[in-house]
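This report refers to the structure that appears directly beneath it.
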Amino acid sequence: MIDTPADAPLLHDSDADSHRSSLDGYDSSDAVDESALVSPGIFIWVLTFCAGVSGLLFGYDTGVISSTLVSIGSDLSSRSLTTLDKSLITSSTSLFALIASPLTGVLADSWGRKKVILLADILFVVGALWQAWSGTVWGMIVGRSIVGLAVGSASFVVPLYISELSPSPFRGRLVTVASLFITGGQVVAYIIGWLFSTHPHGWRWMVGIGAAPAAIQFLILEFMPETPRWLVKANQKDRAKQVLLRVYGGGDEIKKMVDAVLRRVEKEIMEEEEAAGERSNPELPKTSWRGRMAKVNDGFAQVVAVGGNRRALIIACMLQGFQQLCGFNSLMYFSATIFALVGFQSPTLTSLSIALTNFAFTLVAFHSIDRIGRRRILLYSVPIMVIGLALCSVAFNFVDIPTHESSVATRGIDNAGTRLWPLIILVAMIVYVAGYAIGMGNVPWQQSELFPLSVRSIGSGLATATNWGSNFLVGLTFLPMMDLFTPMGTFAVYTAVCVACWFTVWRIYPETCGLSLEEVGGLLRDGWGVVESVRKARERMRERRR
């Protein structure tokens, strides 16, 4: 079969009319209920784990910087790092991830999801090696920026890739595997950081090791298929059907289910192609540069102009923004710095407790997200975050924070009076991270299910850009806020953000658990769909109990 570009018409004019008539005859009664599937098959598990290596890299590169910052010493530019140096090294990754996310959203539509993962692997390798060989602060910033391009690409495309491959009953759980890899990467980063923290120039090994998983994934990508929904959009229906049959398994009923899924996807694409055709300029060839740019511009316009798409974008950007503005990555980036400030003798090892908590409670999310639902798990878990942050804010008021970094190295927890409150801070952070990992750490990455196929890449890319824009803001402002507002004030701000998050989720976020990607769009077509989605979720739960 000859491959055709993703922006080529789904159907040739010669058979469009006959195919349209067959699709017009399709309705929901023809569909096979995917809830009959008992468990994900081996094939989809293998694909999820292979794609999840990018999540491991994402987690490792965001986690390793915490240990790196306290281990560099005067290795860069022959001087100690200033607060500005640390902020720039940290936030450069987020800034370039912000730049990469919308760009790779466009590339994922043109090239396919798989090729964008390949591009991210190349950037991971280059960025890791560049950091390891850096001799100046600005050289380190460049290396972190290259890693940022990789992280921005991977954080967007891997959940999209898994989501488009997954059967709807297991989509939340399988996308959560990517988050599990992220948290696992952070655990590995803290362990590597602890092992190399006492070695001369050990930080170079910390950052350089990140090239190995990227090189391995680069090699296994050859055996990974493209997503069936992108293949259908690229007019490669036979290949899409082969992938779906391997994902869903064998048997006559499964074949009917696969045919129903394909008809549903084709119907959606046909409607989108017709709408796009009415808006397009017929004088511009679709394969020309101007034609491709017109298609991209049309995609961005449709995300904003169409009510359902706009509501999906607001929800996705809201979730991704709150995920970062609640301050979680300040712990990932600066936890070792925080624990050194409050007097822990081994701040890197203490930080490992944060990463382990994140990993352990992501397992809880993996078990619960398709059982409890996305909306309910957020409404239950965000109050836990509020409790942890509020306790942390209060505890900081009773800890004597040194005003000069030179005094941190000699500081320790030396008596019962000074020992209690730092331990309370540690416990409060663990409570906060547990709540975060159950909900906010995972649910926002379900973003691709909110968008119809025509704008799924662009919408997901813009939402991911919101994540990294917020991440950049937090990384750049955390240490200055600690100086300006004091730690108590800083964590009080994050507490207020979490309270605002809970009310926003309660107001506009519908329950999408158990719905197909095509069905989710119907919820947002005429409104936020909260009441209808909650009612349907309760019906599905009653059916499962019966």
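The backbone N, Cα and C atoms fix where each Cβ goes, glycine too.
TrEMBL labels come from automatic prediction, so no person has curated them.
Listed in TrEMBL for this protein:
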type     : residues : note
REGION   : 1-22     : region 'Disordered'
COMPBIAS : 10-22    : compositional bias 'Basic and acidic residues'
TRANSMEM : 42-60    : transmembrane segment
DOMAIN   : 47-513   : domain 'Major facilitator superfamily (MFS) profile'
TRANSMEM : 116-133  : transmembrane segment
TRANSMEM : 139-162  : transmembrane segment
TRANSMEM : 174-196  : transmembrane segment
TRANSMEM : 202-221  : transmembrane segment
TRANSMEM : 325-343  : transmembrane segment
TRANSMEM : 349-366  : transmembrane segment
TRANSMEM : 378-399  : transmembrane segment
TRANSMEM : 419-438  : transmembrane segment
TRANSMEM : 458-479  : transmembrane segment
TRANSMEM : 491-509  : transmembrane segment
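Remote same-chain residues near the transmembrane segment (458-479) are listed as 83, 86-88, 90-91, 93-95, 97-98, 101-106, 108-109, 148, 151-152, 155-156, 159-160, 296, 299-300, 303, 309, 312-313, 316-317, 319-321, 323-325, 327, 329-330, 333-334, 337, 444, 447-448, 450-451, 490 (criterion: CB distance under 8 Å, separation of at least six residues from the stretch ends). When Cβ-Cβ distances below 8 Å are used as the criterion, the transmembrane segment (419-438) is approached by residues 183, 326, 328, 331, 335, 338-339, 342-344, 350, 353-354, 357-362, 364-365, 368, 377, 380-385, 387-389, 391-392, 395-396, 398-399, 413 of the same chain, each at least six residues removed from its ends.
Between the transmembrane segment (116-133) and the transmembrane segment (349-366) there are fewer than 3 Cβ pairs closer than 8 Å, counting only residues 6 or more apart in sequence, so the two stretches are not in contact. Only sequence-distant pairs (6 or more apart) were considered; of these, fewer than three Cβ pairs between the transmembrane segment (349-366) and the transmembrane segment (139-162) are under 8 A, so the stretches are not in contact.
For the transmembrane segment (325-343), the most Cβ-contacting stretch among 42-60, 139-162, 174-196, 202-221, 491-509 is 491-509 (pairs under 8 Å). Beyond the transmembrane segment (491-509), the same-chain residues lying 6 or more positions past its ends with a Cβ under 8 Å from any Cβ of the stretch are 311, 314-315, 318-319, 322, 325-327, 330, 374-375, 378-379, 382-383, 385-386, 389-390, 392-393, 396, 440, 481, 485, 528, 530.
Listed by sequence, the residues of this chain that lie at least six past the ends of the transmembrane segment (174-196) yet keep a Cβ under 8 A from its Cβ atoms are 40, 44, 48-49, 51-64, 66-68, 71, 158-159, 162-163, 165-166, 202-203, 205-206, 209, 332, 336, 346, 348-349, 351-352, 354-356, 358-359, 362-363, 365-366, 369, 437, 441-442, 445-446. Residues belonging to the domain 'Major facilitator superfamily (MFS) profile' (47-513) score a mean pLDDT of 86 in the model.
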